[in-house]
Amino acid sequence: ADTYAATRYPVILVHGLAGTDKFANVVDYWYGIQSDLQSHGAKVYVANLSGFQSDDGPNGRGEQLLAYVKQVLAATGATKVNLIGHSQGGLTSRYVAAVAPQLVASVTTIGTPHRGSEFADFVQDVLKTDPTGLSSTVIAAFVNVFGTLVSSSHNTDQDALAALRTLTTAQTATYNRNFPSAGLGAPGSCQTGAATETVGGSQHLLYSWGGTAIQPTSTVLGVTGATDTSTGTLDVANVTDPSTLALLATGAVMINRASGQNDGLVSRCSSLFGQVISTSYHWNHLDEINQLLGVRGANAEDPVAVIRTHVNRLKLQGV
């Protein structure tokens with residue numbers, strides 16, 4: 001053990017859509033990440049929020065995270081926290097930074113759809129094509145039950161349709177107006193914003209990174225192909241990790257909705273926030289948190305090492 005990742009303030013890892021701290025109380029969402037950081041001296045807490053819910057509103061993930069932040073501060077005696085959010089967890093972290101700025105030292109977002117996800121738009125469009133409207137009700141009921149089952153605390157505060165709406169490009173534009181951040185560039189610019197923000201007299205350090213394993217290939221008859229640059233020929237990840245091929249398929253849908261390069265669910269442009277560490281990691285959306293179970297393509301970087309290096313970066317910044 002050493003003090004490489006021993007930050008001044010505790011670190012809170014904030015999960016995304018469909019997440020929990022431990023799936024069914026067995027498998028860590030942030031696979032192998034909490035224990036790695038702890039072995040390098042970090043105080044790390046893992047939030048457990050609704051897997052399917054919006055970020056704002058009284059039942060939202062934002063208020064759940066705010067309550068958890070206050071618990072961590074009470075338990076540790078610290079005055080602030082460093083928030084690290086994956087996927088929707090980055091939007092949730094921004095909520096807390098906006099409404100309780102004095103409790104936050106930094107916000108880091110990993111594969112976060114700050115501008116929404118073209119795949120969420122696609123799913124919403126597909127559900128709209130059902131004239132009965134039953135499919136969205138049935139799917140939502142199923143997903144809500146799934147969310148409760150996999151949640152380590154069997155959290156019943158699940159609303160799949162609210163979660164889907166939250167992640168659309170239209171709804172995130174509204175969210176960004178309601179919870180603005182200096183870390184965001186101008187809408188539609190595919191640029192990031194400032195590396196720091198001051199909210200109510202409190203300074204926040206802002207960082208992001210994301211995977212762009214899914215890249216567009218040639219266009220034939222108006223349909224653009226997609227390739228997964230994280231995997232090699234006959235890559236074991238295609239066999240042992242079912243999410244690998246699934247996220248190539250969703251990434252292809254995104255590319256054909258003009259997302260550009262992406263991680264299967266979030267485009268490079270959508271992930272940009274604060275100081276961008278990199279957008280060239282050969283990761284899909286789950287590789288970013290070392291899932292499934294640590295399996296990744298032959299070309300993929302080690303996400304555990306990237307997060308460890310970043311927590312050391314926070315330490316060197318004095319937070």
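Backbone N, Cα and C define each Cβ position, glycine as well.
What Swiss-Prot records for the Ca(2+) site is Asp287, Gln291, Val295, and among Asp241, Asp263, Asp302 the residue it adds there is Asp241.
Every protein chain shown contributes to the tally, and the Cβ of Ser87 (active site, nucleophile) ends up with 29 other Cβ atoms within 10 Å. Within the model, the domain 'AB hydrolase-1' (10-288) shows a mean pLDDT value of 95, rounded to a whole number.
Neighbour counts of Cβ atoms within 10 Å were compared across the recorded positions Asp241, Asp263, Asp287; the minimum falls on Asp241. Listed in sequence order, the residues Ala237, Ser243, Thr244, Asn284, Leu286, Asn290, Leu292, Leu293, Gly294, Arg296 complete the 8 Å Cβ shell around the Ca(2+) site centroid, once Asp241, Asp287, Gln291, Val295 themselves are left out. It is Gln291, among the binding-site residues Gln88, Gln291, whose Cβ has the fewest other Cβ atoms within 10 Å in the structure shown.
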